[in-house]
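Residues or ranges marked as domain 'Radical SAM core' by TrEMBL: 38-262. Annotation source TrEMBL lists [4Fe-4S] cluster binding site at Cys53, Cys57, Cys60. Here TrEMBL flags Cys97, Cys128, Cys188, Arg260 as [2Fe-2S] cluster binding site.
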Amino acid sequence: MQVRNDWTRDEIQALYEQPFLDLVFKAQSVHREHFDANTIQVSTLLSIKTGKCPEDCKYCSQSARYDSKLEAEKRIAVDKVIQEAKEALASGSSRFCMGAAWRNPHERDMPYVLEMVSEVKALGLETCMTLGMLNQSQAERLKDAGLDYYNHNLDTSREYYSHIISTRTFDDRLDTLDHVRQAGMKVCSGGIVGLGETREDRIGLLLELATLPIHPESVPINMLVPIEGTPLADVEKLDVIEWIRTIAVARIIMPHSYIRLSAGRESLTDSDQALAFMAGANSLFSGEKLLTTPNAGEGKDKQLFNKLGLVAEKAKATAAQLSVDAMAV
Ligand code: SF4
């Protein structure tokens, strides 16, 4: 299937509104043209600085503006990050993502993150960071240090954005994505469903992603995990089928991208997740926690992979090599 960056809202809407089984069948057919259907890319996400974020994202436990009872943590030591990265590699992850609750990194933080990137990269893992907004110079220095991916989600549609975040604009997000691309890094960008948005907004989010000059290589489709103390704590839960539809449409319109199951997976049954893989999802986060929200644990994932006959995509360094190195930490 040819990659297109000129999708229209009407085309995306027509895909969404197909009978569910037709949509999933089409998504799986597109998926098989571009990927091994039984291989899943596995990433591990580590919070390197938790909480006290000045931004006001209404879904987030890390915003300093809400009383979510989250315990804030200062920057964690680089050695500790490297140890976690080795363990992630030994347990089958191919990408290690490091996240900090910042509006943007300050210049004083740059030596810290640059050192971390080059050391994680040297292990043979793909590296990813999510640090908030970046300027061009920061993006270039991260690329030079060995950063493969930068995560910066669009979150929701342009129209609904200001209902969720007021401390930055949708265009600020696009500017950072542009700096990341200009620096030559790969983009990880997706959104969250279940924020109280309409289907129109979900279509709007996918339209923005699929009409970027280059599709994000990685597209997380999160399902809101409502957190007590945040303004979205009591938002009505989105039906799982609608989330699967969003995944299937993302797979069809961005056929070369890894579509990732992220936050919200922990509350899903094995059958829901199997259906999401059927709809073209082929990437997930492993580990007990996603920054601060609970996640399906590694053991549970192994069981699910065994049940479904799925295998994890290999990292450059082998897990066996790393388990020896990990013992030396
Ligand atoms: S989502 Fe990110 S930017 Fe928004 S409040 Fe949470 S940590 Fe801050």
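Glycine too: its Cβ is placed from the backbone N, Cα and C atoms.
Remember, TrEMBL labels are computer predictions, not curated facts.
Location within the structure of each feature annotated in TrEMBL.
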| residue | record | Cβ contacts under 8 Å, 6 or more apart |
| --- | --- | --- |
| Cys53 | [4Fe-4S] cluster binding site | Cys60, Gln62, Ser63, Ala64, Ala101, Trp102, Arg103 |
| Cys57 | [4Fe-4S] cluster binding site | Ser63, Asp155, Ile164, Ile165 |
| Cys97 | [2Fe-2S] cluster binding site | Ser43, Thr44, Leu45, Leu46, Cys128, Met129, Thr130, Tyr149, Asn151, Cys188, Phe285 |
| Arg260 | [2Fe-2S] cluster binding site | Gln41, Ser43, Cys188, Gly190, Ser218, Val219, Pro220, Ile221, Ala281, Ser283, Leu284, Phe285 |
Candidate with the highest Cβ count within 10 Å, taken from the binding-site residues Cys128, Cys188: Cys188
Environment of Cys53, Cys57, Cys60, the listed [4Fe-4S] cluster site - residues of the same chain whose CB lies within 8 A of the CB centroid: Glu55, Asp56, Tyr59, Ser61, Gln62, Ser63, Ala101
Listed binding-site residues adjacent to ligand 1, that is, members of Cys53, Cys57, Cys60, Cys128 whose C-beta is under 6 A away: Cys53, Cys57, Cys60
Cys60 ([4Fe-4S] cluster binding site) - helix vs strand vs coil (DSSP): coil
Additional residues around [2Fe-2S] cluster, ordered along the sequence, whose Cβ is within 8 Å of the centroid of Cys97, Cys128, Cys188, Arg260: Ser43, Leu45, Arg95, Thr130, Tyr149, Asn151, Ser218, Pro220, Phe285
